[in-house]
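Following: one structure in structure tokens, then a few remarks.
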Amino acid sequence: MVSKHDPVSRKIRHFSVTACLVPICSLYGAAVTTVEGVGSIKTRLHPVQERIAKSHGTQCGFCTPGMVMSMYTLLRNHPQPSEEQLMEALGGNLCRCTGYRPILESGRTFCAESSGCQQKGRGKCCLDQGENATSSLGGESDICTELFAKDEFQPLDPTQELIFPPELLRMAENPEKRTLTFHGERVTWISPGTLKDLLELKVKHPDAPLILGNTSLGPAKKSQGHFHPVLLSPARISELSMVSTTSEGLTIGAGCSLAQVKDILAGRVSELPEEKTQTYRALLKHLKRLAGQQIRNMASLGGHIMSRHCYSDLNPVLAVGNTALNLMSKEGTRQIPLDRDFLAGLASADLKPEEILESVYIPHSQRWEFVSAFRQAQCQQNALADVTAGMRVLFQEGTDTIEDLSLAYGGVGDATISAQKSCQQLLGRRWNEPMLDEACRLLLDEVSLPGGAPGGSVEFKRTLVVSFFFKFYLEVLQELKKPGKLLSVPDGHHFPEISDRFLSALEDFPATVPQGVQRYQSVDSHQALQDPVGRPIMHLSGLKHATGEAIFCDDIPTVDKELFMALVTSTRAHAKIISVDLSKALELPGVVDVITAEDIPGTNGAEDDKLLAVDKVLCVGQIVCAVVAETEAQAKRAVEETKIAYEDLEPVIFTIEDAIKHSSFLCPEKKLEQGNVEKAFEEVDQIVEGEVHVGGQEHFYMETQRVLVIPKTEDKELDIYVSTQDPAHVQKTVSSTLNIPINRITCHVKRVGGGFGGKVGRPAVLGAIAAVGANKTGYPIRLVLDREDDMLITGGRHPLFGKYKVGFMNSGRIRALDIECFINGGCTLDDSELVTEFLILKMENAYKIRNLRFRGRACMTNLPSNTAFRGFGFPQGTLVTESCITAVAAKCGLLPEKVREKNMYKTVDKTIYKQAFNPEPLIRCWNECLDKSSFHSRRMQVAEFNKKNYWRKRGLAVVPMKFSVGFAATSFHQAAALVHIYTDGSVLVTHGGNELGQGIHTKMLQKAEVEKSPHVQVLLGQGQGFRTAVAVETPVASRELKVPMSHMHICETSTATVPNTIATAASIGSDVNGRAVQIEAAFEQRISLSATGYFRGYEAFMDWEKGEGDPFPYYVYGAASSEVEVDCLTGAHKKIRTDIVMDACCSLNPAIDIGQIEGSFTQGMGLYTTEELKYSPEGVLYSRGPDDYKIPTITDVPEEFNVSLLPSSQTPLTIYSSKGLGESGMFLGSSVFFAIADAVATARRERDIAEDFTVRSPATPERVRMACADRFTEMIPRDDPKTFKPWSIPIA
């Protein structure tokens, strides 16, 4: 939080900022508060910190300090905020673990009013009433809906907050006028104290940019290498923040932040009559969605205008609103229009080098003038727009005849484009259907985009150009129809009627605060109060997460003589390395060495998967060498100076289609078959064939890959601090790379800032390269990937292409199903064979189909290797199966849920791989979900809504889930734990699981607290990500040892205490590590108070030759229902409601388990709707950061989000009959995808468009809009693909 004294209002202004963008030099005169300054576990917690932790709003905890600071800043400005203000404050924060609901819950406890259920405090809720009174969640007295007790929270006392430093206040009231100059190694920062000084400096340094928020220059410097030796900061010049009003309009200082502009415009809108504020309202509409609160707090109005980004939200509106720019220089002042020439950067219409933008004049609108703004982005908030538009029309008084028209678009060219020719030709026309048709034709002609335009999505953008104009046409028509508006319509002309079914096209989706209920079974009334098992215990590190005192890998202070490493990666997809020129890099100051493959004393990875490239590269992003320097900046500069010469090799393969063509595969085909598929196809009523394309997914863990290697002085020992899910793998890889015994290497993992499978294999590669650097230099090496490099290098979820053929009876009963899947594995094997196996094993999901054939292959392409990811093939493969179901339903004219129900397992049966199981909990979850969501009555409501609305459609879907937990091999289910009991009665528990945010340590200690029996049981925690195999859960240890959790401690996961651990993944961490804590160790007198626990693992095997086995210890069952509303004109959607029922058996910790379900569901929702990876035709990943890659934000949470844990279900195999839920919820996010598909299918049926059996995920706005074909998609020009080079290529 930055606090400044506002010279105009003379008040202290507190605002949250994005720390990585704020230059230190810009903070002169400001007070900065970080999370450490808000409160501490050592002194006093602030209520914000306490509540986010106790409301279970932290999992991995890496994002928590940012959440705390956003809420804290909000409360400093508004001690009792509204829920809308809370949503706005958190709109710019990202979280990958929680699904946001508990974070919002913690913030809502401060809000003045709540729109939540008024009965909830009494343990009841109006939402508890399903369709069926005899629900199996049944005895409501056993069901809890509270995960935390609000009455335990300390109150917020605004009088106890830190005061603004008096010295800074004195400085602000008597500002220093002298110019401040800060000299860096390469950059000089100059901050003048007066406007006169600034203008003189602009003469002296005409090329120096003015910098205020650094929201444009900062990212450009980082991603595009832009460099300016001199920067001018006008932050101390109050004249640039002045605001003045006249009867004609409003003048806003160019130095005002966008957040201030929003407040200024809102003030004018509330004071002036509506007809004068048309432009202001349009700007406000965009300011609510532009970026996030933290960026709006920093970015200035002048900076936004002068950046002239092609995707600008405000410039199109300002341009049509006849905005003028007030310029100033040493020579004087002048005014220029913000018009098409200025936006195009024409010298004649631009600023002179010595001029600055002083203020912006926005005139009032007038009577008979209408102004609107439109934007469409990948998601609702915090996303750059695909297309933006500003539109203004002025009518001849009292008529519907166009006197003046102005249309401007962003996102459809190199700059904001003004459609002047089209507007000119429409003057004098009446506002009616013929004018609309003519306008669309003219616009498509004038606002033309070439087929290979940067940014891609060309046909989508063309469609939006006319769709937006149609929305504007309807808006204006609706305004003109208001009583008293239209005075005269020429005789014989009828005013155009708007069908009521069209009116919903005028509304934007509001950003509403999510509501919901979380249900779980309360503990037995006879359970001892001190027994924590089954209770919603706060995450062990929750308070430390909230205070910033939780130590992550890169928080470890700089070690003596530490060096920084940066990686040099390939820029070619398939090429021979001709030469590597390191000379310029080695000459740079601070550069110590460059590590190449020749420096590796042991093995350089595997033959086909090198740690450092030798002779050739197989993908863009492959590591070639690594620079070691004294600072991060020096290392990165040396990377830029490392020159590599290549010779391209053939073939270059990126897509699954190309891989199939070239027979480029990583491993043999995996196949499972049962029944007689061919014969069954001959006997069915109908057959449908289709294709499914599922895009990849980036892990986007909040903490990027990082490692610190510290060589010791003796015996070649190494300490490695690493963010990994598998420290033993890091240890072994470093051992073989350096050719030293494993016992000399100790890997330490305190906690991991999110993993999701992405920190299973890759940390071993990075750890080994860093270890080679430490070995060669003799100094500690720190390697931290920034987001861009992390996304480029590491790979993610496998994209999938599936072909299906399904035979069925007219009743909807499926008799035969044949599915062939191909996954894009990238350039090396990694986990692709395992993913293919899991894909095939899990693809049947919840359905009993007697004649089945599943085949799978992993394709080898010239892309970075894809790897383990939460769900491990299940979310992609099962989407193919569920798409078959919806295709059958469409062909039979049945509802998809009826076809699902008809084909589900009903009784004890065997899977396709001959493993027996009882589907009773699956059926219970399904029925419970239908009931709790009032599914059938809502199906009728959706149909009614769709009849009444042409441009808006709602969709509803429900999906079942049978998710197999664990690995198809017993060895992966092993676990060990070490328990020390000290003479003061305190207990230290160490186990092989890693804390990734899934609460494994918390559950381990819970398990240890209660049974003071002569058994020490160390149990392992449920994981999140691919291989969650090993962890001791706190409740487990607490119950087994009958020791309070407060007397127990878990320090870290270390290969020195628990050796040969298995990766924490596949949702089994709590299960197997928890078993290990159950150690038979009497601690009577004279018996060792230190014991090792070992769990041999669940029996699991799979025989692929026979196609049978018992590959999984148990199943997790669930069902999810989702309802969405789709805007057919833009492709945007709003999630209205989601209900999830999950079979957790007896949850060890309902708060953690519900958090895992919500988090994985949200991550799955991202996979299926917004998270889209885009590659260039040369194999370069475009989407390498939050600007281009959209994980769900707080506004993506369903308006109503209910989660229920199915009660009274037992699994004797697992710890206290609990189940690992870390991954299973991922697939349930597909309920949103199928709800969108349901809405699109309704729109297509209404427009008489044939059913399309090609399914593409994610369901981005582009895909949804183009699927809702209509007159506007029909009228756009379409290019022959052979005539241009596409900007991006589909790799699935």
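Any Cβ shown, glycine's included, is placed from N, Cα and C.
According to TrEMBL, the features are:
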ACT_SITE  Glu1223  active site, proton acceptor
BINDING   Cys20  [2Fe-2S] cluster 1 binding site
BINDING   Cys60, Cys63, Cys95, Cys97  [2Fe-2S] cluster 2 binding site
BINDING   Leu210, Ile211, Leu212, Gly213, Asn214, Thr215, Ser216, Leu217, Asp313, Leu357, Arg375  FAD binding site
BINDING   Gln725, Phe756, Arg870, Ala1066  Mo-molybdopterin binding site
BINDING   Phe872  substrate binding site
DOMAIN    182-367  domain 'FAD-binding PCMH-type'
| Which Cβ among the binding-site residues (Phe756, Phe872) has the fewest C-beta neighbours inside 10 Å? | Phe872
| query | Could you state the CA-to-CA distance between Gln725 (Mo-molybdopterin binding site) and Cys63 ([2Fe-2S] cluster 2 binding site) to the nearest Å? | reply | 19
| said: Tell me which of the recorded positions Leu212, Ser216, Phe756, Arg870, Glu1223 ends up closest to Cys60 ([2Fe-2S] cluster 2 binding site) in space, Cα to Cα. | reply: Phe756
| field | Environment of Cys60, Cys63, Cys95, Cys97, the listed [2Fe-2S] cluster 2 site - residues of the same chain whose CB lies within 8 A of the CB centroid | value | Thr58, Gln59, Gly61, Phe62, Thr64, Arg96, Thr98, Met702, Gly753, Gly754, Gly997, Gly1159
| field | Whole-number Å value for how far Phe756 (Mo-molybdopterin binding site) lies from Leu210 (FAD binding site) (Cα to Cα) | value | 42
| query | Which has the fewest other CB atoms in a 10 Å radius around its CB: Cys20, Cys63, Cys95, Leu210, Leu212, the listed binding-site residues? | reply | Cys20
| said: Taking 10 A as the limit, how many CB atoms besides its own sit near the CB of Ser216 (FAD binding site)? | reply: 21
| remark: Note: in the chain of Arg375 (FAD binding site), residues six or more apart in sequence with C-beta under 8 angstroms of its C-beta are His286, Arg289, Asp313, Ala385, Val387, Thr388, Ala389
| query | What's the CA to CA span in angstrom from Asn214 (FAD binding site) over to Cys95 ([2Fe-2S] cluster 2 binding site)? | reply | 24
| task | Express the distance between the Cα positions of Cys97 ([2Fe-2S] cluster 2 binding site) and the residue listed as 'active site, proton acceptor' as a whole number of Å. | result | 12
| field | Separation of alpha carbons, Glu1223 (active site, proton acceptor) and Cys20 ([2Fe-2S] cluster 1 binding site) (Å) | value | 32
| request: With FAD as the bound species and Leu210, Ile211, Leu212, Gly213, Asn214, Thr215, Ser216, Leu217, Asp313, Leu357, Arg375 as its recorded binding residues, calculate the greatest Cα-Cα distance and give it in Å as a whole number. | output: 28
| said: Using the alpha carbons only, what distance in Å do you get between Arg870 (Mo-molybdopterin binding site) and Leu212 (FAD binding site) once rounded? | reply: 41
| query | In whole Å, how far is Phe756 (Mo-molybdopterin binding site) from Cys95 ([2Fe-2S] cluster 2 binding site) when you measure between their Cα atoms? | reply | 13
| Using Cα-Cα distances with a 10 Å cut-off, which of the binding-site residues Cys63, Leu212, Ser216 are near the residue listed as 'substrate binding site'? | none
| Cα-nearest neighbour of Cys63 ([2Fe-2S] cluster 2 binding site) within the listed binding-site residues, Leu212, Ser216, Phe756 | Phe756
| task | Identify which of the binding-site residues Asn214, Gln725 has its Cβ surrounded by the largest number of other Cβ atoms within 10 Å, counting every protein chain shown. | result | Gln725
